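Peer 1: Sharing a structure with you now.
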Amino acid sequence: MYTLRKPSQGKRVTDTHTRIEPSTRLRRAILLNDLLLVKRIIRNNPRLLQNPDFEDKSNTSLHLAAIHDFVEIAQYLIEAGHEETEICRNTDHDTPLMLAAQHEKVEAGKLLVQCYPRCIPMVNRVGLDALAMASQHLASTGLITVLLNNAEYPASPHIRDQDGNTPLHHASASGSLKALRILLSAGANPLAKNNYDWTPLAYSQTVAAEVYFKNLVAEFERRKIEGAKQGEERERQRAAGVRLVQEHNHGEGMGRPRVSTEDEMIGDALKRHWSPVDRRRPMTPGSAASDD
């Protein structure tokens, strides 16, 4: 015989949705590269613009966008005033530009250089700047020229980190042959030693890279010597021209000095290159005397 049992009077279980904090939703929207959602969350929560993540080295929204090369989101964050008061840094003192260079995100790096050139010379806790980080990573080589050629805050190829390493040390260690050439062209010293008495050449990854590095150094040294010789020759010719003009002025007293056939040829060659509008002579000693 069946007996009906009384239903249990236990606690009823109901499905409830856990509320996700806006800060978490913003980070998720950035990681999804959802620009519209990012705009909506920030519009409703303007104080969350920077939104540092204390569980991830205090990386801000712009750090996150730079790491993943989300250029459109980075552009929006910049226009919204993300760096309006100061350049944000994480607990390692890395700027968004540094993280873009470290994670080989060239387009985001170029945007940050364009909008905030003042962050180029900044260094982190271990003395690395964006140029050193770009030199460490082969795919970030495209940032090196941008950093070196910035008109307002050009990066220095001579900067050293806490271990005394220059960007050339880092480029050699990373095996980036193109970075080596760019840095040497910018005047980096191939003989610079770090705190452990090692030159960049010592960090070459392969024998082929070492040979290439040596050839590069030899090539640039040869160009430097040739340039110095040409400069000395130009100075010698300029000094000879000054003496010639002075001798004519003292010997004849008045009138214009006689011009040699060689001078006439040079003058004719210069005239072919002068603008018909601007007839200025090269700014060399004695040029004013023939400009009557």
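Glycine is no exception: its Cβ is also placed from the backbone N, Cα and C atoms.
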Peer 1: Quick test of your reading of TrEMBL: among 40-62, 155-177, 224-246, 270-292, where does it put region 'Disordered'?
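Peer 2: Residues 270-292 are the ones TrEMBL records as region 'Disordered'.
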Peer 1: Could you give the number of helix, strand and coil residues in the repeat 'ANK' (57-81) as assigned by DSSP?
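Peer 2: So the counts come to 16 helix, 1 strand, 8 coil.
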Peer 1: Can you work out which residues elsewhere in the same chain, 6+ from the ends of the repeat 'ANK' (57-81), have a Cβ less than 8 Å from its Cβ atoms?
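Peer 2: Same-chain contacts beyond the flanks: 26-27, 30-31, 33, 35, 38-39, 42, 49-51, 88, 90-92, 94, 96-97, 99-100, 103, 105-109, 111-112, 115-116.
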